[in-house]
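Undergrad: Following this message is one structure expressed as structure tokens.
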Amino acid sequence: MPKVFKKESGDSEKITEVAEIASSSKQPPKQRYTNFEKGLPSLQKALGYSFKDTTLAKLALTHRSYDGKINYERLEFLGDALLGMIIGEALYYQYPNQDEGRLTRMRATLVRQESLVIVAQKLNLSSHLILGIGERKGGGRERASILADTVESLIGAIYLDSQSVDVVKACVLSWFAELIDNVNDQRVLKDAKSRLQEWLQGHKYDLPNYELLETQGNAPNQIFIVRCEVVVPQTTPVVESGESRRIAEQKTAEKMINQLNKLVSDRIIKLKP
């Protein structure tokens, strides 16, 4: 099978440098190194994969709060692309009677932060994270954004370690099996506007406001530009475009949900009781 991605020549050195993270002056080196080594067998058992290069596993668990330069963010980028492809293919074959629009919504449901957090909890990733002192004391091990990012970074790490799409696909499908089986449930599969409305109502906020800002071009090739605004402290309006007003509104709603989740995860806003 041809390699889909290639490592740059300098990447091997960067990955090797992760082995030195444990000796960083930022945290007690012996404690951090021992924790990773002790936790590696249980992590690999949960993942269903054993790393040939364990520094890749360490890199996938390392948050930028621990090391601003050597962390999981590049692996997260790679894993995000792989996850979308693997989930898309799985849905294509498992749900042959669903049209493109519904498959798109199903995929969005499976790769959104809430689903990734479920997978992270199933894999017990919180106990393996390598965090800076401040992030650790601030509840970073349970932060939704970090857990979701780590799932993606591990996908990228497994691909680079195995150099096999089939291997990483087997891992991802085992982690997401239950979610994929249940994604067609109407209680699970909700469009972004419905989820945003339920989020706001559930936390006693007013409903969102959608405003059509501009229509570009002529039918049937028009582009609709829509803004979504919510009356929640610290939020900013979001703007998206689409081939119809409905599509543009759905995209703004999804972006607003992501913004709200991040604000809550980062403890910038507190939810109403």
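The backbone N, Cα and C atoms fix where each Cβ goes, and this holds for glycine too.
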Undergrad: For the Mg(2+) site that TrEMBL gives with Asp149, Glu152, which of Glu73, Glu76, Glu214, Glu229 also belongs there?
TA: Glu76
Undergrad: Long-range neighbours only, meaning 6 or more apart in sequence with Cβ under 8 Å: which ones does Asp149 (Mg(2+) binding site) have?
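TA: Non-local contacts for Asp149 (Mg(2+) binding site): Tyr72, Glu73, Glu76.
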Undergrad: Counting only residues 6+ away in sequence within the same chain, which have a CB under 8 Å from the CB of Glu152 (active site)?
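TA: The list for Glu152 (active site) reads Leu75, Glu76, Gly79, Asp80, Leu83, Leu116, given in order along the sequence.
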Undergrad: Which are the residues of the chain, Glu76, Asp149, Glu152 excluded, whose CB is within 8 A of where the CB atoms of the Mg(2+) site average out, their centroid?
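TA: So the additional residues around the site are Tyr72, Glu73, Leu75, Phe77, Gly79, Asp80, Ala148, Thr150, Val151, Ser153, Gly156.
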Undergrad: Three-state secondary structure of Glu76 (Mg(2+) binding site) from DSSP?
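TA: Its secondary structure by DSSP: helix.
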